[in-house]
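What follows is a short report on a single structure.
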Amino acid sequence: MEERYSRQIRFKQIGEEGQKRLADSHVLIVGAGALGTAGAEGLSRAGVGTITIIDRDYVEWSNLQRQQLYTESDAKLRMPKAMAAKEHLSAINSEIHIEAYVTEGTAETLEPLIEKADVVIDATDNFETRMLINDLAQKTKTPWVYGACVSSQGMFMTVIPGETPCLSCLFEQIPVGGATCDTAGIIPPAVHIVSAYQQAEALKLLTGQKEAIQRGFVTFDVWNNSHMKINVNHVRREECPSCGANAVYPYLQDWNTPKAAVLCGRDTVQVRSESLKRIPKQELIKRLKTIGKVEANAFLLHIFYEDFRIVIFNDGRALVHGTNDVKEANSVLARVIGL
(Lines of atoms letter the chains of each structure in order from A and count residues from 1; the text may use other names and numbers.)
(Lines give C-alpha, C1' and ligand atoms only; values in the text may rest on other atoms or scores of the structure.)
Protein backbone atom coordinates (compact mmCIF):
# COMPACT_ATOMS: atom_id res chain seq x y z
CA MET A 1 0.00 0.00 0.00
CA GLU A 2 2.79 2.43 0.87
CA GLU A 3 4.21 2.47 -2.66
CA ARG A 4 0.83 3.13 -4.28
CA TYR A 5 -0.05 5.95 -1.89
CA SER A 6 3.50 7.10 -1.10
CA ARG A 7 3.04 10.69 -2.32
CA GLN A 8 -0.18 11.05 -0.39
CA ILE A 9 1.35 9.56 2.76
CA ARG A 10 4.14 12.13 2.56
CA PHE A 11 1.53 14.85 2.91
CA LYS A 12 1.84 15.30 6.67
CA GLN A 13 -1.84 16.04 7.26
CA ILE A 14 -2.62 12.50 6.05
CA GLY A 15 0.45 10.37 6.72
CA GLU A 16 0.32 6.63 7.35
CA GLU A 17 -2.37 6.87 10.00
CA GLY A 18 -4.61 8.94 7.76
CA GLN A 19 -4.10 6.51 4.89
CA LYS A 20 -5.21 3.64 7.11
CA ARG A 21 -8.29 5.60 8.08
CA LEU A 22 -9.11 6.18 4.42
CA ALA A 23 -8.83 2.45 3.73
CA ASP A 24 -11.39 1.81 6.48
CA SER A 25 -13.77 4.53 5.26
CA HIS A 26 -16.99 4.43 3.27
CA VAL A 27 -18.14 7.25 0.97
CA LEU A 28 -21.54 7.43 -0.71
CA ILE A 29 -21.70 9.39 -3.97
CA VAL A 30 -25.23 10.33 -5.01
CA GLY A 31 -25.16 10.87 -8.76
CA ALA A 32 -22.68 9.64 -11.36
CA GLY A 33 -22.61 12.60 -13.70
CA ALA A 34 -19.85 15.20 -13.99
CA LEU A 35 -19.31 15.79 -10.26
CA GLY A 36 -19.93 12.17 -9.33
CA THR A 37 -17.43 10.66 -11.74
CA ALA A 38 -14.74 13.21 -10.89
CA GLY A 39 -15.25 12.65 -7.17
CA ALA A 40 -15.40 8.88 -7.49
CA GLU A 41 -12.18 8.74 -9.48
CA GLY A 42 -10.31 11.04 -7.12
CA LEU A 43 -11.41 9.24 -3.96
CA SER A 44 -10.75 5.81 -5.48
CA ARG A 45 -7.21 6.86 -6.37
CA ALA A 46 -6.83 8.24 -2.84
CA GLY A 47 -7.59 4.79 -1.43
CA VAL A 48 -11.01 5.23 0.17
CA GLY A 49 -11.86 1.63 1.06
CA THR A 50 -15.51 1.52 0.01
CA ILE A 51 -17.26 3.78 -2.47
CA THR A 52 -20.98 3.42 -3.15
CA ILE A 53 -22.49 5.05 -6.23
CA ILE A 54 -26.20 5.49 -6.91
CA ASP A 55 -27.50 6.94 -10.18
CA ARG A 56 -30.73 6.62 -12.15
CA ASP A 57 -29.45 7.44 -15.64
CA TYR A 58 -27.47 5.93 -18.51
CA VAL A 59 -24.51 7.22 -20.52
CA GLU A 60 -25.34 9.46 -23.48
CA TRP A 61 -23.03 11.10 -26.02
CA SER A 62 -23.54 14.56 -24.51
CA ASN A 63 -22.08 13.26 -21.24
CA LEU A 64 -18.64 12.55 -22.68
CA GLN A 65 -17.64 16.23 -22.81
CA ARG A 66 -17.43 16.52 -19.00
CA GLN A 67 -18.14 13.17 -17.31
CA GLN A 68 -14.64 11.84 -17.11
CA LEU A 69 -14.98 8.12 -16.43
CA TYR A 70 -17.11 7.26 -19.46
CA THR A 71 -16.11 6.18 -22.94
CA GLU A 72 -17.70 6.12 -26.38
CA SER A 73 -18.36 2.42 -25.86
CA ASP A 74 -20.45 3.22 -22.76
CA ALA A 75 -22.53 5.67 -24.79
CA LYS A 76 -23.01 3.21 -27.67
CA LEU A 77 -24.18 0.51 -25.27
CA ARG A 78 -26.30 2.95 -23.21
CA MET A 79 -24.64 1.62 -20.08
CA PRO A 80 -26.17 2.69 -16.77
CA LYS A 81 -23.82 5.26 -15.32
CA ALA A 82 -23.45 3.53 -11.96
CA MET A 83 -22.39 0.25 -13.56
CA ALA A 84 -20.04 1.87 -16.07
CA ALA A 85 -18.46 3.88 -13.27
CA LYS A 86 -18.00 0.75 -11.16
CA GLU A 87 -16.27 -1.04 -14.04
CA HIS A 88 -13.85 1.81 -14.72
CA LEU A 89 -13.13 2.51 -11.04
CA SER A 90 -12.36 -1.16 -10.41
CA ALA A 91 -9.81 -0.99 -13.23
CA ILE A 92 -8.25 2.10 -11.63
CA ASN A 93 -8.00 0.61 -8.13
CA SER A 94 -8.68 -3.09 -7.64
CA GLU A 95 -7.81 -2.87 -3.93
CA ILE A 96 -10.99 -1.03 -2.96
CA HIS A 97 -14.65 -2.07 -2.96
CA ILE A 98 -17.11 -0.38 -5.32
CA GLU A 99 -20.88 -0.75 -4.93
CA ALA A 100 -23.23 0.43 -7.68
CA TYR A 101 -27.00 0.95 -7.66
CA VAL A 102 -28.98 1.70 -10.82
CA THR A 103 -32.00 3.36 -9.31
CA GLU A 104 -33.48 6.70 -8.38
CA GLY A 105 -32.43 8.44 -5.20
CA THR A 106 -35.54 8.33 -3.01
CA ALA A 107 -36.00 8.26 0.75
CA GLU A 108 -36.42 4.49 0.51
CA THR A 109 -33.28 3.85 -1.54
CA LEU A 110 -31.01 6.47 0.02
CA GLU A 111 -31.61 5.98 3.75
CA PRO A 112 -29.91 2.55 4.09
CA LEU A 113 -26.99 3.77 1.98
CA ILE A 114 -26.48 6.96 3.98
CA GLU A 115 -26.69 5.01 7.24
CA LYS A 116 -23.64 2.96 6.18
CA ALA A 117 -21.58 5.90 4.90
CA ASP A 118 -19.02 8.00 6.77
CA VAL A 119 -19.41 10.90 4.32
CA VAL A 120 -21.89 11.64 1.52
CA ILE A 121 -20.90 13.51 -1.64
CA ASP A 122 -23.75 15.36 -3.35
CA ALA A 123 -23.34 14.95 -7.10
CA THR A 124 -27.00 15.26 -8.02
CA ASP A 125 -28.61 17.45 -10.64
CA ASN A 126 -31.86 18.43 -8.95
CA PHE A 127 -33.15 20.27 -5.90
CA GLU A 128 -35.46 17.50 -4.65
CA THR A 129 -32.73 14.87 -4.29
CA ARG A 130 -30.41 17.34 -2.57
CA MET A 131 -33.08 18.11 0.00
CA LEU A 132 -33.64 14.38 0.51
CA ILE A 133 -29.92 13.98 1.19
CA ASN A 134 -30.09 16.93 3.56
CA ASP A 135 -32.95 15.47 5.60
CA LEU A 136 -31.48 11.96 5.68
CA ALA A 137 -28.04 13.27 6.66
CA GLN A 138 -29.61 15.22 9.52
CA LYS A 139 -31.64 12.19 10.60
CA THR A 140 -28.62 9.84 10.55
CA LYS A 141 -26.06 12.46 11.73
CA THR A 142 -23.94 11.89 8.62
CA PRO A 143 -21.71 14.71 7.30
CA TRP A 144 -22.07 15.54 3.63
CA VAL A 145 -20.67 17.92 1.04
CA TYR A 146 -23.10 19.88 -1.13
CA GLY A 147 -21.83 20.76 -4.60
CA ALA A 148 -23.27 22.25 -7.77
CA CYS A 149 -21.96 23.72 -11.01
CA VAL A 150 -23.40 25.24 -14.16
CA SER A 151 -21.94 27.29 -16.99
CA SER A 152 -18.61 28.55 -15.59
CA GLN A 153 -19.89 28.77 -12.02
CA GLY A 154 -19.65 26.44 -9.05
CA MET A 155 -20.48 26.29 -5.37
CA PHE A 156 -20.08 23.97 -2.42
CA MET A 157 -20.67 23.74 1.31
CA THR A 158 -19.85 21.12 3.92
CA VAL A 159 -22.75 20.23 6.20
CA ILE A 160 -22.09 18.66 9.60
CA PRO A 161 -25.32 17.82 11.45
CA GLY A 162 -25.53 19.56 14.81
CA GLU A 163 -22.70 21.96 13.99
CA THR A 164 -23.33 23.82 10.73
CA PRO A 165 -26.44 25.19 9.03
CA CYS A 166 -28.14 22.62 6.82
CA LEU A 167 -29.14 23.14 3.21
CA SER A 168 -32.69 24.06 4.18
CA CYS A 169 -31.34 26.84 6.42
CA LEU A 170 -29.11 28.03 3.60
CA PHE A 171 -31.81 28.12 0.93
CA GLU A 172 -33.95 30.31 3.17
CA GLN A 173 -31.28 33.02 2.95
CA ILE A 174 -29.26 32.51 -0.24
CA PRO A 175 -30.94 32.04 -3.64
CA VAL A 176 -29.43 28.92 -5.19
CA GLY A 177 -30.43 27.32 -8.48
CA GLY A 178 -32.13 28.47 -11.65
CA ALA A 179 -30.08 27.56 -14.72
CA THR A 180 -28.97 23.97 -15.31
CA CYS A 181 -26.26 22.28 -17.37
CA ASP A 182 -28.91 21.45 -19.95
CA THR A 183 -30.15 25.04 -20.25
CA ALA A 184 -26.97 27.10 -19.71
CA GLY A 185 -24.28 24.57 -20.58
CA ILE A 186 -21.15 23.83 -18.56
CA ILE A 187 -17.38 23.78 -18.99
CA PRO A 188 -15.21 21.07 -17.39
CA PRO A 189 -13.03 23.44 -15.28
CA ALA A 190 -16.07 24.45 -13.22
CA VAL A 191 -16.79 20.77 -12.57
CA HIS A 192 -13.21 19.96 -11.61
CA ILE A 193 -12.91 22.84 -9.15
CA VAL A 194 -16.12 21.94 -7.30
CA SER A 195 -15.15 18.27 -7.25
CA ALA A 196 -11.65 19.06 -5.99
CA TYR A 197 -13.13 20.99 -3.09
CA GLN A 198 -15.61 18.18 -2.35
CA GLN A 199 -12.82 15.60 -2.37
CA ALA A 200 -10.64 17.72 -0.09
CA GLU A 201 -13.50 18.18 2.37
CA ALA A 202 -14.16 14.42 2.33
CA LEU A 203 -10.49 13.64 2.99
CA LYS A 204 -10.48 16.03 5.96
CA LEU A 205 -13.57 14.42 7.45
CA LEU A 206 -12.45 10.84 6.81
CA THR A 207 -9.04 11.41 8.41
CA GLY A 208 -10.60 12.98 11.50
CA GLN A 209 -9.66 16.58 10.78
CA LYS A 210 -13.04 18.23 11.07
CA GLU A 211 -11.42 21.44 12.28
CA ALA A 212 -9.90 21.94 8.81
CA ILE A 213 -13.16 21.98 6.83
CA GLN A 214 -14.46 25.08 5.07
CA ARG A 215 -16.88 26.77 7.44
CA GLY A 216 -18.97 28.61 4.91
CA PHE A 217 -20.63 28.66 1.52
CA VAL A 218 -18.13 29.00 -1.34
CA THR A 219 -19.06 30.18 -4.82
CA PHE A 220 -16.92 31.06 -7.83
CA ASP A 221 -16.97 31.84 -11.55
CA VAL A 222 -13.91 30.45 -13.29
CA TRP A 223 -14.58 32.43 -16.49
CA ASN A 224 -15.17 35.81 -14.85
CA ASN A 225 -12.43 35.25 -12.26
CA SER A 226 -14.58 35.69 -9.17
CA HIS A 227 -14.40 33.77 -5.89
CA MET A 228 -16.40 34.39 -2.74
CA LYS A 229 -16.76 32.71 0.64
CA ILE A 230 -19.89 33.57 2.60
CA ASN A 231 -20.08 33.11 6.37
CA VAL A 232 -23.35 31.26 6.90
CA ASN A 233 -23.17 30.47 10.62
CA HIS A 234 -25.90 33.04 11.27
CA VAL A 235 -28.41 31.33 8.94
CA ARG A 236 -28.78 28.26 11.13
CA ARG A 237 -32.38 28.26 12.37
CA GLU A 238 -33.59 26.73 15.61
CA GLU A 239 -37.02 26.24 14.01
CA CYS A 240 -35.64 24.66 10.80
CA PRO A 241 -37.86 21.69 9.83
CA SER A 242 -34.80 19.70 8.76
CA CYS A 243 -32.20 20.40 11.46
CA GLY A 244 -34.01 22.34 14.20
CA ALA A 245 -34.88 21.20 17.71
CA ASN A 246 -38.18 19.73 16.50
CA ALA A 247 -37.11 18.51 13.06
CA VAL A 248 -39.80 16.74 11.01
CA TYR A 249 -37.66 16.02 7.89
CA PRO A 250 -40.25 17.29 5.38
CA TYR A 251 -38.53 15.87 2.31
CA LEU A 252 -38.85 12.34 3.64
CA GLN A 253 -42.62 12.52 3.44
CA ASP A 254 -44.42 10.66 0.65
CA TRP A 255 -46.00 13.81 -0.71
CA ASN A 256 -42.56 15.02 -1.73
CA THR A 257 -41.91 11.93 -3.87
CA PRO A 258 -43.68 12.39 -7.23
CA LYS A 259 -44.45 9.38 -9.42
CA ALA A 260 -43.51 11.36 -12.51
CA ALA A 261 -41.10 14.23 -13.02
CA VAL A 262 -39.90 16.40 -15.87
CA LEU A 263 -36.11 16.27 -16.17
CA CYS A 264 -35.01 19.88 -16.43
CA GLY A 265 -33.82 21.00 -19.84
CA ARG A 266 -33.87 17.52 -21.37
CA ASP A 267 -37.34 17.34 -22.97
CA THR A 268 -37.75 14.13 -20.99
CA VAL A 269 -40.21 12.83 -18.41
CA GLN A 270 -39.34 10.13 -15.89
CA VAL A 271 -42.19 7.89 -14.76
CA ARG A 272 -42.01 5.45 -11.86
CA SER A 273 -44.46 2.56 -11.96
CA GLU A 274 -44.89 -0.42 -9.66
CA SER A 275 -46.93 -2.09 -12.42
CA LEU A 276 -44.02 -1.75 -14.83
CA LYS A 277 -41.67 -3.17 -12.23
CA ARG A 278 -43.81 -6.30 -11.89
CA ILE A 279 -43.82 -7.18 -15.60
CA PRO A 280 -41.17 -9.87 -16.31
CA LYS A 281 -38.45 -8.53 -18.56
CA GLN A 282 -38.96 -11.11 -21.30
CA GLU A 283 -42.69 -10.41 -21.33
CA LEU A 284 -41.95 -6.70 -21.64
CA ILE A 285 -39.59 -7.33 -24.55
CA LYS A 286 -42.27 -9.46 -26.23
CA ARG A 287 -44.81 -6.62 -25.95
CA LEU A 288 -42.38 -4.00 -27.22
CA LYS A 289 -41.33 -6.10 -30.23
CA THR A 290 -44.85 -5.71 -31.63
CA ILE A 291 -44.09 -1.99 -31.95
CA GLY A 292 -40.52 -1.92 -33.19
CA LYS A 293 -36.92 -2.95 -32.67
CA VAL A 294 -35.98 -3.40 -29.02
CA GLU A 295 -32.42 -2.79 -27.86
CA ALA A 296 -31.59 -4.29 -24.49
CA ASN A 297 -28.77 -4.83 -22.05
CA ALA A 298 -28.74 -6.29 -18.55
CA PHE A 299 -30.08 -3.08 -17.04
CA LEU A 300 -32.51 -1.43 -19.47
CA LEU A 301 -34.61 -1.65 -22.63
CA HIS A 302 -34.70 0.95 -25.40
CA ILE A 303 -37.26 1.50 -28.16
CA PHE A 304 -38.49 4.24 -30.51
CA TYR A 305 -42.25 4.83 -30.74
CA GLU A 306 -43.67 7.50 -33.05
CA ASP A 307 -41.78 10.70 -32.11
CA PHE A 308 -40.67 9.38 -28.73
CA ARG A 309 -37.65 7.49 -27.46
CA ILE A 310 -38.40 5.30 -24.46
CA VAL A 311 -35.90 3.80 -22.02
CA ILE A 312 -37.16 1.34 -19.41
CA PHE A 313 -35.03 0.38 -16.41
CA ASN A 314 -35.19 -2.83 -14.37
CA ASP A 315 -36.32 -0.93 -11.25
CA GLY A 316 -39.65 0.11 -12.81
CA ARG A 317 -38.66 3.53 -14.14
CA ALA A 318 -39.19 4.75 -17.67
CA LEU A 319 -37.72 7.78 -19.41
CA VAL A 320 -39.89 9.16 -22.18
CA HIS A 321 -37.72 11.39 -24.38
CA GLY A 322 -39.41 13.89 -26.68
CA THR A 323 -41.88 15.49 -24.28
CA ASN A 324 -41.96 17.60 -21.15
CA ASP A 325 -45.63 16.88 -20.51
CA VAL A 326 -46.29 14.32 -17.76
CA LYS A 327 -49.77 13.46 -19.05
CA GLU A 328 -48.42 12.84 -22.54
CA ALA A 329 -45.61 10.65 -21.17
CA ASN A 330 -48.10 8.55 -19.20
CA SER A 331 -50.30 8.29 -22.28
CA VAL A 332 -47.36 7.09 -24.41
CA LEU A 333 -46.49 4.40 -21.86
CA ALA A 334 -50.12 3.33 -21.68
CA ARG A 335 -50.22 2.86 -25.45
CA VAL A 336 -46.87 1.12 -25.65
CA ILE A 337 -47.00 -1.13 -22.61
CA GLY A 338 -50.62 -1.08 -21.48
CA LEU A 339 -50.07 0.52 -18.07
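Placed from the backbone N, Cα and C atoms, the Cβ positions cover glycine too.
Because the structure is a prediction, the values reported are computed rather than measured.
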From Lys20, Lys81, Lys86, Lys141, the one annotated by Swiss-Prot with Ala34, Asp55, Ser62, Asn63, Leu64, Gln65, Arg66, Asp125, Asn126 for ATP: Lys81
Secondary-structure category, per DSSP, in which Cys169 (Zn(2+) binding site) falls: helix
Structural state of Ser62 (ATP binding site), classified by DSSP into three states: helix
Secondary-structure category, per DSSP, in which Ala34 (ATP binding site) falls: helix
Rounded to the nearest Å - Cα separation of Cys243 (Zn(2+) binding site) and Arg66 (ATP binding site): 34
Binding-site residues: Ala34, Leu64, Cys166, Cys169, Cys243 - member with fewest neighbouring CB atoms within 10 Å: Leu64
Largest separation between Cα atoms (Å) of residues that the record links to ATP, namely Ala34, Asp55, Ser62, Asn63, Leu64, Gln65, Arg66, Lys81, Asp125, Asn126: 20
Residue pair Cys240 (Zn(2+) binding site), Asp125 (ATP binding site) - Cα distance, angstrom, rounded: 24
